[in-house]
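See below for the structure under consideration.
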Amino acid sequence: MSSLQVLITAALLLAAVLGGSNAQLSATFYASTCANVSSVVRGVLEQAQSSDVRIGAKLIRLHFHDCFVDVILSLSLTTATVGCDGSILLDNANGIESEKDAAPNVSADGFEVVDDIKTALENVCPGIVSCADILAIAAQVSVSLAGGPSWDVLMGRRDGTTANREGANNLPSPFAALDVNLKKFTDLGLDSTDLVALSGAHTFGRARCITFSQRLYNFSGTGNPDPTLDTTYLETLRQTCPEGGNGNTITNLDPSTPDGFDNNYFTNLQNNRGLLQSDQHLLSTTGADTVAIVNRFGNSQSAFFDSFGPSMINMGNISPLTGNNGEIRSDCKKVN
């Protein structure tokens, strides 16, 4: 990408964030242009789920990692941030360092299914549905298919034309203290309820040993395991992830109902069976306002479900491109 193209791209993105478009996301955005968009996505996901039970968790992770990475641009001393723009889907190209190669994304998966959804939609509504919206819709359908809540997905996002690998390396971390991750949420306009509710997506899917094995043997250099881990659960995890073993071995994020979307993630935390350090910190951090939220969700699945949809909507509203800004990619892996 030439320096002129970079400036043009920056100007377009700045216009989007700083008022270049008055377009708003809407649940009925495709009503007249691609009315069956959700059913098309569901059809592809139902087929994908039959061969990969983890696909729903993979896709909601892609949406999360897309929205949380702002593409930060400066032009004439003005700064703009753009999220939820499909940037995580871009491959390496001239002027683009793919976010797929960032450390938090090396195990990200589901890209082929996103391509399948895009192909299906291009067949019925060519040039209409953005890749960014595909991620948002796929996240909702994935949760619904796993027995979780439904919500009205707001649509109308446009696709960005650049990526931010450095930003992807700064995603909320499974190793970080609660205050560190919470600041990453509040910096984007989200709050403690959003943090706890969205963390509840760990009620399905898997995690690699490398993301939690530091809790099993030498936690914070103490030579002992993390004291917040239930001892029986600790021994189970040590069998899966022996010291010095394969860090890419996977285990269930939720040992009780690993493929269902429910509130067992929170009851696991209440029983000191949160897999990731960042998960258990939601409950074990003394004085944190997240403690009451975890207990509320752990004691009431309906309370969790009632909060999850709005928090997904809040996340999906992080500075999207709308109107005439950005583009509708014909191939989610590359700019047009």
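Cβ atoms are placed via backbone N, Cα and C, with glycine included.
As annotated by TrEMBL, active site, proton acceptor applies to His65. A sphere of 10 angstroms centred on the C-beta of His65 (active site, proton acceptor) encloses 21 other C-beta atoms.
What TrEMBL records for Asp66, Val69, Gly83, Asp85, Ser87, Glu99 is Ca(2+) 1 binding site. There are 29 other CB atoms within 10 A of the CB of Val69 (Ca(2+) 1 binding site), with all protein chains counted.
In this view, Pro172 (substrate binding site) is surrounded by 19 other Cβ atoms within 10 Å of its Cβ, with every protein chain counted. According to TrEMBL, the substrate binding site annotation covers Pro172.
Marked as heme b binding site by TrEMBL: His202. There are 24 other Cβ atoms within 10 Å of the Cβ belonging to His202 (heme b binding site).
Taken from TrEMBL, the feature Ca(2+) 2 binding site covers Thr203, Asp254, Thr257, Asp262. Of all Cβ atoms in the shown protein chains, 17 besides its own fall within 10 Å of the Cβ of Thr257 (Ca(2+) 2 binding site).
Summarising the environment of Cys34 (disulfide bond), the number of other Cβ atoms within 10 Å of its Cβ, over all protein chains shown, is 19. TrEMBL lists Cys34-Cys125 (among others) with the feature disulfide bond.
Taken from TrEMBL, the feature disulfide bond covers Cys67-Cys84 (among others). The Cβ of Cys84 (disulfide bond) has 27 other Cβ atoms within 10 Å, all protein chains considered.
Annotated disulfide bond per TrEMBL: Cys131-Cys332 (among others), in sequence order. Taking the Cβ of Cys131 (disulfide bond) as centre and 10 Å as the limit, one finds 29 other Cβ atoms among all the protein chains shown.
If you look up TrEMBL, you'll see Cys209-Cys241 (among others) marked as disulfide bond. Non-local neighbourhood of Cys209 (disulfide bond): Thr240, Cys241, Gly245, Asn246, Gly247, Asn248, Thr249, Ile250, Thr251, each in the same chain, at least six residues away, with C-beta under 8 Å from its C-beta.
As annotated by TrEMBL, domain 'Plant heme peroxidase family profile' applies to 24-336.
The signal peptide annotation in TrEMBL covers 1-23.
The site 'Transition state stabilizer' annotation in TrEMBL covers Arg61. Neighbour count (other Cβ atoms within 10 Å of the Cβ, all protein chains): 24 for Arg61 (site 'Transition state stabilizer').
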Subset of recorded positions (Cys34, Asp85, Glu99, Thr257) lying within 10 A of Cys67 (disulfide bond), CA to CA, in sequence order: Asp85
Taking the domain 'Plant heme peroxidase family profile' (24-336) alone, what is its mean pLDDT? 94
Fewest neighbouring Cβ atoms within 10 Å: which of the disulfide-bonded residues Cys67, Cys241? Cys241
Radius 10 Å, atoms counted are CB only; among the disulfide-bonded residues Cys125, Cys332, which position scores highest? Cys332
